[in-house]
Each structure stands twice: as C-alpha cells, then as structure tokens.
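Novice: Please find one structure pasted underneath; my questions will follow.
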Amino acid sequence: MEIILAEPRGFCAGVKRAVDILAITLEKYKNERQVYVLHEIVHNKYIVEDFKKQGVVFVSSIKEIEDNGGILIFSAHGVSKNIEDEAKRKGIQVIDATCPLVNKVHKEAKRYENSGKELILIGHENHPEVKGIRGRVNNPITLVQTLQDVYDLKVKDPDNLSYVTQTTLSIDDTRDIIAALKLRFPGITGPDLKDICYATQNRQNAVKKLAEIVDMVLVVGSKNSSNSNRLLDLCTARGKRAYLIDNYRCVNKSWFQGVEKIGITAGASAPDILVDELMDYLKVSMNVEVSVMPGGIIENVQFKIPNLV
C-alpha cells in the first residue's frame, strides 16, 4: 500500500503565529498571571486540550474574566470592535493573535463602509471570523453563504455595493458566488479571490491534485475547522472516499479494504505531530511506502510576533 502526502499541508503562518503567541505568553506569565483565550486559539482539539493542560483558560465571553484580571488573548479568527472595547473597559490586558490576513479583511470592510458602500460578506453563519468581520463596521452586513442567497438578495442600491470574504472558504464555491454577484450587480466592487488566504488556496489546490491519484484521502483536522472541512468536501466532490479525523485513533481499518493508494493531508490548524502519529500508526499496522506528492508548493510565509509578547 502506498501513502502519498499532500504538499503543502498542516499549519499555516497565521495559525503558527497564534499558537506561538499563546505559548510565549504562557511561558512568560504562567507563575504570575492567569492567561485566558477568547474562544479557541485555533480550531484544533489537540492544540486546545494541550494548552488547557498547561493552565490556559478558554472562555466564551469576556464576562467570565474579572476586571483587571489576567491576560486575554484574542484568537486567530479575530474579534469585533465591541469585544475590544469591553476588554479595555474591564482593564484586561489584551494580546491580539488575530491572523494578519483576517485583519486585512477587517480593514477592507471598514474602508468600503467609509466610502459609503453597502456591504456583503461571503462566509459561514456563526463562524467566529464572520462574527469578527461583522463587528468591525457600524452598519449591518448582509451575509451570503450560497448561490441561492445571491439570487434572493435584496439591496438598497445595486450600484453602490461592495463585498468581502471569510478567509477559509472553498475557492471554487466562492468564485461561483462572486461571479453570480457580479452578474446580478455589475457595479459591485470587491477583492476577487484575494481574501481567500494563500494557505487555504494552496491546501485546496494540493488536495484536488491528490484526489486524482489516490483511492482514498484522510484529512487530519477538527470537526469545527472550516478549512479542514473544505478539504474533505473537495475530495468527496471528486468521487473519492475521504474521512476527517482528529488523530490516528479515529482510523477504522475497514476503510482500507481494496485501497492501494492513500492520500493524507491536514487542515491549516492541524499540527505536524498529528500527521506524524498517523504515519507511525499506519507503518506499524500495514506494509506501506510513503512519498510526497510531486510539484507541491513549499511555503515560507512568516508573520511577526507582536512586541507585547
């Protein structure tokens, strides 16, 4: 049996930055102040549970933190302006681990609003990134999730529209939605696909190629990870069996019956250790040969850690 690894896979620069910020902050203050994270630092069960064991407290609301208490880290997904303001009012020291590419979308949304545009957001309801983007502007943003949403869309002025997008969407689906928006509202302005982050694009392009040359794909990532779910969707859309797994313990050996080539990829919030453990498990469980998919992109993007850390 042959295992082919997607390239690239796993951590993106924004996730690595957020995880590093939390690790450095914890090391610096663990004996002095409680470290909190609003929501999950990234959408990966292993990462969150590991930091919990080290003493990090994950909260769903700033109300759970006492005034002037501890250090609060905003997750990679970003937060609304109201949450920032609430933390200031409570005297909580904040370290912002928002991905710089998400911050870019925040600035775009604000710029469009300041120019008087009615805003449309392409994204997934209730995703923390979407909540953060919506909370960066004063006026309501209309959320579009599907092509049907575009057809049903009602706007104030069809000649005065702009859109932004969540960074972790399906490139193919987003391209179709943008095309539908431009067809229905020819005057609409927006960033094309540029707001879909480089890592999301690279991992989706890689898994498309991977799905063409294997019989089955294992996607390492958590169920609440948007980008991991998109990788799964791309495989199944191409008629390939695919499974989203947190770790090697989720593997069912019956999946491999009749399979000669297994593809493995990992979402942008899945650490290398989970892929390594999966590989070790498969090597012990069955006779496998391992290779890396040819022609993959080697990423070298790095984001700066804030000076406050």
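Every residue number used here counts from 1 along the chain in the order it is shown.
Just so it is clear, glycine is given a Cβ too, placed from its N, Cα and C backbone atoms.
Straight out of Swiss-Prot:
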ACT_SITE  Glu129  active site, proton donor
BINDING   Cys12, Cys99, Cys197  [4Fe-4S] cluster binding site
BINDING   His43, His77, His127, Ser225, Ser226, Asn227, Ser269  dimethylallyl diphosphate binding site
BINDING   His43, His77, His127, Ser225, Ser226, Asn227, Ser269  isopentenyl diphosphate binding site
BINDING   His43, His77, His127, Thr167, Ser225, Ser226, Asn227, Ser269  (2E)-4-hydroxy-3-methylbut-2-enyl diphosphate binding site
Novice: Between the binding-site residues His43, His77, His127, where is the Cβ count within 10 Å the lowest?
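Specialist: Lowest Cβ count within 10 Å among the binding-site residues (His43, His77, His127) is His127.
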Novice: For Cys197 ([4Fe-4S] cluster binding site), list the number of other Cβ atoms lying within 10 Å of its Cβ atom.
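Specialist: The answer is 25 other Cβ atoms.
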Novice: Beyond His43, His77, His127, Ser225, Ser226, Asn227, Ser269, what residues of that chain have CB atoms within 8 A of the centre of the isopentenyl diphosphate site's CB atoms?
Specialist: Val42, Glu129, Thr168, Asn224, Ser228, Gly267, Ala268
Novice: Which site among Ser226, Asn227, Ser269 has the most other CB atoms no more than 10 Å from its CB, taking these as binding-site residues?
Specialist: Ser269
Novice: Give the distance between the Cα atoms of Cys197 ([4Fe-4S] cluster binding site) and Glu129 (active site, proton donor), rounded to the nearest whole Å.
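Specialist: Computed Cα spacing between Cys197 ([4Fe-4S] cluster binding site) and Glu129 (active site, proton donor) is 13 Å.
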Novice: Give me the non-local Cβ neighbours of the residue listed as 'active site, proton donor': same chain, 6+ apart in sequence, Cβ-Cβ under 8 Å, ordered along the sequence.
Specialist: His77, Gly78, Val102, Gly123, Gln166, Thr167, Thr168, Ser226
Novice: Have a look around Ser225 (dimethylallyl diphosphate binding site) and count the other CB atoms within 10 A of its CB, chains all included.
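Specialist: Taking all protein chains shown, Ser225 (dimethylallyl diphosphate binding site) has 27 Cβ neighbours within 10 Å.
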Novice: Note down the number of other Cβ atoms within 10 Å of the Cβ of Cys12 ([4Fe-4S] cluster binding site), including every protein chain shown.
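Specialist: There are 28 such Cβ atoms around Cys12 ([4Fe-4S] cluster binding site).
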Novice: Report, in whole Å, the straight Cα-to-Cα distance of Ser269 (dimethylallyl diphosphate binding site) from Cys99 ([4Fe-4S] cluster binding site).
Specialist: 12
Novice: Quick one: of His43, His127, Ser225, Ser269, which binding-site residues lie within 10 angstroms of Cys12 ([4Fe-4S] cluster binding site), measuring between C-alpha atoms? Sequence order, please.
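Specialist: Candidates kept after distance check: Ser269.
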Novice: List the residues in the vicinity of the [4Fe-4S] cluster site, defined as same-chain residues other than Cys12, Cys99, Cys197 with C-beta within 8 angstroms of the site's C-beta centre.
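Specialist: Along the chain, the qualifying residues are Ala13, Gly14, Val15, Ala76, Pro100, Leu101, Val102, Thr167, Thr168, Tyr198, Ala199, Thr200, Ala268.
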